[in-house]
Amino acid sequence: MAFIKSLLIASVAAVAFAAPQGGASDNNKKVEIDGQDSAPVCGNGQKVACCNSGEDLIGLNCLSIPILAIPIQKACGSNIAACCQTGDSEGNLLNLEANCLAIPL
């Protein structure tokens with residue numbers, strides 16, 4: 001009888017020890033990454049732009065991205081993200097004169 005009680009207590013202890021303990025029992029932490037932030041990508045006075053092609057970025061239809069906090073992948077969707085020189089004092093992109101470099105995502 002003592003053997004059965006010992007076996008019962010040991011099995012209950014084993015089940016209690018193996019049960020998850022409120023949250024991640026292996027101390028893993030969930031890390032979410034939305035995408036690449038565009039703020040540190042461009043330099044030398046260039047601005048991030050979304051262009052409709054990646055083969056030749058001169059003369060393309062490019063739109064400037066005014067908010068740098070939006071991840072590039074969400075802002076451009078299926079278009080190509082590029083760093084382009086601004087064409088005028090207002091920051092508009094002139095496609096024929098713009099020197100654009102594609103951003104690898």
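Glycine too: its Cβ is placed from the backbone N, Cα and C atoms.
The local packing around Cys83 (disulfide bond), expressed as other Cβ atoms within 10 Å of its Cβ over all shown chains, amounts to 21. Sequence annotations record features per position, and here Swiss-Prot assigns disulfide bond to Cys42-Cys83 (among others).
Per Swiss-Prot, the feature disulfide bond maps to Cys50-Cys76 (among others); the stated evidence is similarity to another entry. According to DSSP, Cys76 (disulfide bond) sits within a helical segment.
Sequence annotations record features per position, and here Swiss-Prot assigns disulfide bond to Cys51-Cys62 (among others) based on similarity to another entry. Cys51 (disulfide bond) falls within a strand when secondary structure is assigned with DSSP.
DSSP assigns Cys84 (disulfide bond) to a strand segment in the three-state reduction. Taken from Swiss-Prot, the feature disulfide bond applies to Cys84-Cys100 (among others).
The feature signal peptide is assigned by Swiss-Prot to 1-18, with sequence analysis given as support. Nonlocal intrachain contacts for the signal peptide (1-18), taken as residues 6+ away from its ends with a CB within less than 8 angstroms of a stretch CB, are lacking entirely.
With a 10 A radius on its CB, Cys84 (disulfide bond) counts 23 other CB atoms from all the protein chains. There are 19 other Cβ atoms within 10 Å of the Cβ belonging to Cys50 (disulfide bond).
Looking only at the disulfide-bonded residues Cys50, Cys51, Cys76, Cys84, the one with its C-alpha closest to Cys42 (disulfide bond) is Cys84. Among the disulfide-bonded residues listed here, namely Cys51, Cys83, Cys84, Cys51 has its C-alpha nearest to that of Cys76 (disulfide bond). By the criterion of other Cβ atoms within 10 Å of the residue's own Cβ, the least surrounded of the disulfide-bonded residues Cys42, Cys51, Cys76 is Cys42.
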